[in-house]
Amino acid sequence: MSIYPNISDFLLDNEPSIGSPAIIYDYNSIVSTVSKIRNDIKIIPNVELCFAIKANRNKIVLKLLSDLGLGADVASIHEFEIVEEIGMNPVYSTSPAYNEKFLEKLLERNILPDFNSFSQLKKYVEEYNLNEVGVRVKVPLKNIHPDITYGEQSRFGINIDSDEFIQFINNKKLKIKQLHFHLGELQNSSIIKEAMEYIYSLSYKFQDLEVINIGGGLTYLYSDEIEVKKSWEIVKEYVLQINRQLNREVKIVVEPGMLILAMSGYLYSKVQSSDLSINKRIITVDCSAWNLTYWAYPYLVHSYSDSMNTTEEEHVIFGNTCYEKDVFISSVRHKPLKINDGLLMNPVGAYVNSMARNMHGYHLPDEWILKDSTFIKAGN
Ligand SMILES: Cc1ncc(COP(=O)(O)O)c(C=O)c1O
């Protein structure tokens, strides 16, 4: 599928001349992924591509995304401070746990928070005398997919249709400027259709609407090119209807995290031990799946092994903690890996360093950007 970048020839031919463990971001594949997404969504009028910072806080990587013109979605003051330092623009925000410090920073910069719960919204509207806000919407999905946990049962979003909510905003003369939804991993175009249909119905009730943020969760969807095309067509059609209804153009924000970076990141690690067990080879590498890849399910995409023995064996690749289930890859056939062989695993560009644990006090892997054939240090 065209969004999934190919591993660069340089990485295939040359073992990285950097220490291990390390995360390597492939510059060209980030650029091509962004360009592919942009090309897909450009049929939607007034659309803005942002990056969900929760997926990756590496400043050098974010600077690259900023240079490509991406805005940001932030969920904490820490993410916001990084985005400010880099100058990413525009910035959108929704968070289950705003506090005064974060909120004041957003308001200072004229960024409207998209409140995640009614109690949160009420508290801050009253505290700061707000007369306009954004809302993360709880979308009442009917055709809920078993894997989607983000419909009516979700803890995220406000039941914006409730009498209580409508009464509150009428009493306060509150303007709803932004509607934001994020439905976890979008499984197919019919989920998007249901969500957009709902947002369209809301556009009659909230006439001050300026921004519709459709969140992220596009990675699964992008495994099916036809569903991708269908989905963006659906979004476009509803946006046109909303614009007609409001008699002006709203802004549409798309803010994936995983889709933009996951596939462009490679974990470079070295084998620390290699032992033949009953019918498989037990490999331990120099970093931890438990610490790093809780959300990423890595594949072994390449190894740098000079072993002459080409008879494949069953391998299990474990991380370097004492936790029994610290497994990167539970089954892969490969020529026998030996101590000090280098391995490349993918996809680790998103939700790896940004949500790492640190069992045994292991540090995060160093991060590098590979641009053509040059490694540029991207923090550690
Ligand atoms: C509001 C919001 N937007 C965007 C994202 C990014 O999702 P993904 O990385 O799956 O694209 C998330 C992820 O949790 C989110 O909560």
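Using the three backbone atoms N, Cα and C, a Cβ is placed for every residue, glycine included.
The domain 'Orn/DAP/Arg decarboxylase 2 N-terminal' annotation in TrEMBL covers 36-260. Annotation source TrEMBL lists N6-(pyridoxal phosphate)lysine at Lys54. Marked as active site, proton donor by TrEMBL: Cys322.
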For the recorded positions Lys54, Cys322, the one whose C-beta sees the most other C-beta atoms within 10 angstroms: Lys54
Segment-level pLDDT (mean, integer) for the domain 'Orn/DAP/Arg decarboxylase 2 N-terminal' (36-260): 95
DSSP state at the residue listed as 'active site, proton donor', helix/strand/coil: coil
Euclidean distance between Cα atoms of Lys54 (N6-(pyridoxal phosphate)lysine) and Cys322 (active site, proton donor), Å: 28
